[in-house]
Every structure is written in C-alpha cells, then in structure tokens.
Amino acid sequence: MENKKLIRERFLKIRKLLKKNYIIESSEIISEKIIFFIQKNNLKNIGIYISNEYEIDTKKILFFCLTNKINIYIPRCEINENKMIFKKIKNLTYDLEKNQKLNIIQPIEKCESLRNAKELDAVFLPVVAFDNTLMRIGSGKGYYDRWFNENEYKGYKIGLAQYTQFSNKKIDANNFDVKLDEIVSENNLPNSFLENNQSFI
Ligand SMILES: Nc1nc2c(c(=O)[nH]1)N(C=O)[C@@H](CNc1ccc(C(=O)N[C@@H](CCC(=O)O)C(=O)O)cc1)CN2
Ligand SMILES: Nc1ncnc2c1ncn2[C@@H]1O[C@H](COP(=O)(O)OP(=O)(O)OP(=O)(O)O)[C@@H](O)[C@H]1O
C-alpha cells in the first residue's frame, strides 16, 4: 500500500507548526554546509530551487553562486505537460516570476534553458519528508521524479531538509521514485541512521 500521501500530509502539517526561528537557523547551517560542498568539489553548474516560507531557505546559496560565477539553474514547471525544465538565472529579481497556479517562484520564459542534464554537477532538492533509505517525498506532483527519469542525469542528488522532516516510517517507493545520494540537515545524522552508513558532505 502506498503510504506517501499520508506521510506527506503529516509532514506538511508539522512544517507549518515549526517556529520561524528554527527554519531560519537550520537554513543558515544547511546553507553553510552546501556552500562548503560546492567549493570543495569545485562545482560549476547546479540545479536548485527558490524556497517558499516553509522550505529550507536557499537565498544564501544563490547569492554565493552568483558572486562566485557558479551557474544556477531553477526548475520552471509546464503544468499542462506535467514537466519541468531547468532555466539559468543571472539575477534574483528580474529573472524570476511567480507561478500563480503552483504558488512557486520560477524563472521567466525567456531565461536560457539547460540543454543537457549532464551539464549539471549537482541538483539540490526541496524535501517534505525523507526516510533512512534516503527516499524522498516532495510536493506531490512528481516533477523531480519525472525529470530524473526522463533525463540522463549523473550528478549528485542532494536533499535539503531539517531533522524534523525525518520519517521513521519507511516511505513506500514506486519504480519511478528516485533516491537521494544525501540529505543535508542542520544536525549531523547519527552514524547508525543511514542504511549505507556513509555521508559525503
Ligand atoms: N520551491 C519549490 N520549487 C519547486 C518545487 C518545490 O517543491 N518547491 N517542486 C517540487 O516538485 C516543483 C514544483 N512542484 C509543485 C508541486 C505541487 C504544488 C502544489 O501542490 N501546489 C498547490 C497550490 C499551491 C499552494 O496552495 O501551495 C496545489 O496545486 O494544490 C506546487 C509545486 C518545482 N519547483
Ligand atoms: N516518472 C514518472 N512517470 C509517470 N508518472 C510519475 C512519474 N513520477 C511521478 N509520477 C506521478 O506523479 C505523482 C506524484 O508523484 P510523487 O508522489 O512521487 O511526487 P513527489 O516526488 O512527492 O513530488 P515532486 O517530485 O514534485 O516533489 C504520482 O501520481 C505519480 O504517479
């Protein structure tokens, strides 16, 4: 039985109860870790998202990339086709608009599209909940799963999530579900936490 829907609802509810300060503080720590990872691995092209008020705030990472000439690609959703494409943004004001239907911020149509998924070194994903096999639950329309399945992407898949988004109930996976390589959280996850017992950040 598919349990994603129930787990998603539960964690969306929890997310709304969190103190704003906790979100701000955990976003700070997570951003520092991501920036360190980008520098250490000399990443040049990354896929990332524009956060809403409940998600890990990506602003600091975006500023870091813009000032260090690291190319930033943000998903733009085509609702009718149930698809998203990554577009390069160069400016956090002029290159973005609100997708009114989905209530997310995305690149404007005329931004340059990513030509080949292989060009991305890492994709940093929003997460609603995750489990100890690094299975991810997202916003529930399957945009990321579809993108990973339809594109030949070989880079890192890294979820940004608070500790409080950990589900100790295992998430049922479909065959199209894509597992993350890593979750970056404000706490170090205990050694025994991950099935493969390893972390590269
Ligand atoms: N910041 C951010 N950008 C992202 C995602 C995300 O989770 N967060 N996505 C991750 O996949 C994609 C968009 N996926 C979405 C999936 C579902 C809904 C959604 O359910 N929206 C509500 C309406 C808006 C609202 O009331 O909040 C809905 O349709 O009922 C929105 C976006 C691409 N960009
Ligand atoms: N590769 C795919 N091909 C066809 N349908 C898919 C694919 N991936 C996801 N879906 C469909 O999309 C819907 C939502 O999927 P799922 O619950 O995995 O979303 P999610 O991973 O939480 O959301 P998102 O990736 O947008 O953050 C499901 O109805 C699923 O059948």
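In case you wondered, yes, glycine gets a Cβ from its N, Cα and C as well.
Sequence-distant contacts of Tyr143 (ATP binding site), defined as residues of its own chain at least six apart whose C-beta falls under 8 angstroms from its C-beta, comprise Pro75, Cys77, Asn82, Lys83, Met84. Annotation comment: TrEMBL describes Lys4, Lys5, Leu6, Ile7, Arg8, Arg136, Ile137, Gly138, Ser139, Gly140, Lys141, Gly142, Tyr143, Tyr144 as ATP binding site.
Take the CB of Glu55 (substrate binding site) and look out to 10 A: across all protein chains shown you find 20 other CB atoms. Sequence annotations record features per position, and here TrEMBL assigns substrate binding site to Ile50, Glu55.
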DSSP state at Ile137 (ATP binding site), helix/strand/coil: strand
Euclidean distance between Cα atoms of Glu55 (substrate binding site) and Lys141 (ATP binding site), Å: 17
DSSP-derived class (H/G/I helix, E/B strand, else coil) of Tyr143 (ATP binding site): helix
Integer Å distance between the CA atoms belonging to Lys4 (ATP binding site) and Ile50 (substrate binding site): 24
